[in-house]
Structures are given as C-alpha cells and as structure tokens.
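One structure below.
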Amino acid sequence: MHPIVIVGTGLAGFNTVKEFRKLDKETPIVMLTADDGRNYSKPMLSAGFSKGKTADDLCMATPEKVAEQLNVDVRTGVHVAGIDATNKRVLLPDDHLDYSKLVLALGADTWTPPLEGDAVGEVFSVNDLMDYGKFRAAVEGKKTVTILGGGLIGCEFANDLSNGGFKVSLVEPMGRCLPLLLPEQASEAVGRGLADLGVQFHFGPLAKAVHHGDNGQLVTELSDGSQLESDVVLSAIGLRPRISLAKEAGLDTNRGILTDKSLRTSAEHIYALGDCAEVQGHVLPYVLPLMASARALAKTLAGETTEVSYGVMPVTIKTPACPVVVCPAAEGSEGAWEVEAEGNTVQALFRSKDGSLLGYALTGEAVKEKMKLNKELPAIMP
C-alpha cells in the first residue's frame, strides 16, 4: 500500500496530519520538506523580538518528535522535482515516491521587489523558521532596520522590532499602513500607534536600490531620491502562492492551485490547502481558513469526502501599539464604509446599499466589538 504523501511541513501540512491521525492511526504518511522540518507557529515569527525568542525557542517540536508523536515519516531537506499525476508518483532528484493520495501544502513565497544595488543579496525576508533564525542572527548587536512594505507582515515586524529595541524605518508606496486591508482612518490609527513607538514612515516612494554604505551600513535608495541608512533591510512586500510545481504537473492554477470545496485539484488523488490553494476562487493566507481546511481534508483522506466551509473569519493583526481586527468584505462587494473614530479607536463598518454588514475594520478599543459584529456577517464560503 502506497502512503499518503504530504509536501510541506508548515501549519497546513502538520495540522492535516494531526487531524487525520484522530481518524486513522495506521495509514502510512510521508511528509516531504525542503527545510529542516521543525514544527512551529508561523504567526509567531513576527512576534518573537518582543518576547526575546530565538528560532530554537519558537520550535514546538523537532521532526523526530513529530514522527514519533504522529506515526509519520518526515523527510527533511528534500527537493521535489516534479509530480507524475498519471502514475501517482512524486519525482525526486535521484528517485521517486509512489503515493495513494498527494497533499500539496506548499505555502507561499515572499515577493521581493526588483531592486538594484550591490547589497541586494543582503536583503532579508522572513517566511519560515530558518529565515527567522538567519534574520535574528543578522540583527544581533545591531540598532537600525529598514522594512520594505507596510502591509500585515511589515507592520507586525515594525511593532515587534521596535519593542525589541530597534529603530525602525518603514517604506510603503501606497501611502499608509495596511492599505489593502483597512480604510484610511483605521490605517492612520495604526500609523499613529507605531509612530509613538518611534517607527519612522516613508509613505509614497518605492525602494529602488540597496547599496553598501561607507560605514558598514546599508543604504536604501528610494524613488524620490531620498536615502535611508540602516544596519539591516527586511523585505515584507507580500506573499505569492507557490504554484509552479502544480502548474508544471498540468494541474489547473490561477492565483493559487485551483481546488473545489473538497480541496481536490484538477488531478485525481491530488489535494491542496493553505497558502498555496485557491479554493472556489478564495485565496485566504490566514490561520482560521487553514485550520478549517485541515479538518475537512483529514476526513476526505480518511474516506469521508468532506467539503470545507469558511464561516466568519476575522484576522487579528499583531500590532499591540494599536490593536487591529479586520474582516474584509468579499472581493467585488459593493458598498461603503461607515466610520466612527476617536483617537486610535476606530470602528469602520462596510455595508451594502441595503444596510447589510459585509465587513469591518476595528482598531484600538473597538476590537472589543468583534464578537458582536461577527454575528451580523455572512459566511465567507458557506
């Protein structure tokens, strides 16, 4: 009997195995990962400096421990070269692995802007525990960090690094914090909260180049001609679902790997979930949808075909300088924001023309309204 093969040992991969083992203790499972296979919580990567956590501190279990606890074969440092969907085979550089069912839990890649300069290779991004360890080593004993990108990850790192004692400069060309998630007044509240920690914002220009400076520092050149000096540069522009492996195997892809509500791809016996998946048009790189997907997929793998449903799934952004909870309206929703603001406390409600609540953004003390508002919202994907 060929094993279930899971490619990826992030939250999506490990949680699928945990849920599956509640239903089936014995079916062989092989997990393949290109990294070191340590189990950790990805959201903690942008909260580690405040708590003084090293990469080892954030590791919840070694691959050996996971293998023992969940009766699974975890193979680390493995590069998957391709998928032969016809013959149900994962292709490795010097071998292959036959599967009964294949789960793609590939995650997403960080997107780095097209920068010039002789220090481009020294720009960090933090997308996994190994990245975090390298970044933490790089900032050891340093004082200043330039962050490229003022979205969710950029703002979380700005807050975390400031709390960790670093002087932070943040570059965001769209002109405000969290521009794709929040209306303007809520963005401004987050900006004020971070500014109070000492974060210096550079709204409007793009980062063009990163050079070595004369004094050992890095110089980030912006499109308006200004220059920022810092010890370290961190790119937090955004994430792109990893789809190349699936695409090369002939699976249908769009923004992510396309699946139905049962997380089945266009190829028989192949499933996808988490940051790499596009489920019925939804790309939701957040923890709550991932956990719902893992529970549903575990049942399907155990023989009970189960569709995933996404209820109301608010996103909590870890910026304690100005707490944020947001529940974005579905893409293409028509409506308008109703905003009440007092200082850094903002309640922004996105309503349709008939007054139905379609989404919200809450900052400061208004985050306490989350549970009440959740009851009014429609499910993301019933």
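Note: Cβ is positioned from N, Cα and C throughout, glycine not excepted.
On a predicted model such as this, the values are computed, not experimentally measured, just so you know.
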* To which of K134, K208, K247, K318 does Swiss-Prot also attribute binding of FAD at the site defined by T9, G10, L11, A12, T33, A34, K42, V80, E156, D275, V287? -> K318
* Asked: Three-state secondary structure of V287 (FAD binding site) from DSSP?
  -> helix
* Which residues does L11 (FAD binding site) neighbour through Cβ under 8 Å, counting only same-chain ones at least six apart? -> S41, K42, G274, V287, L290
* **binding-site residues (T9, T33), the one with most neighbouring Cβ atoms at 10 Å** => T9
* Structure fact -> Taking all protein chains shown into account, the Cβ-based neighbour count within 10 Å for K42 (FAD binding site) is 20
* Compile a sequence-ordered list of residues in the same chain as E156 (FAD binding site), six or more apart from it, whose Cβ lies below 8 A from its Cβ; state 'none' when nothing qualifies. => S46, A47, I317, K318, T319
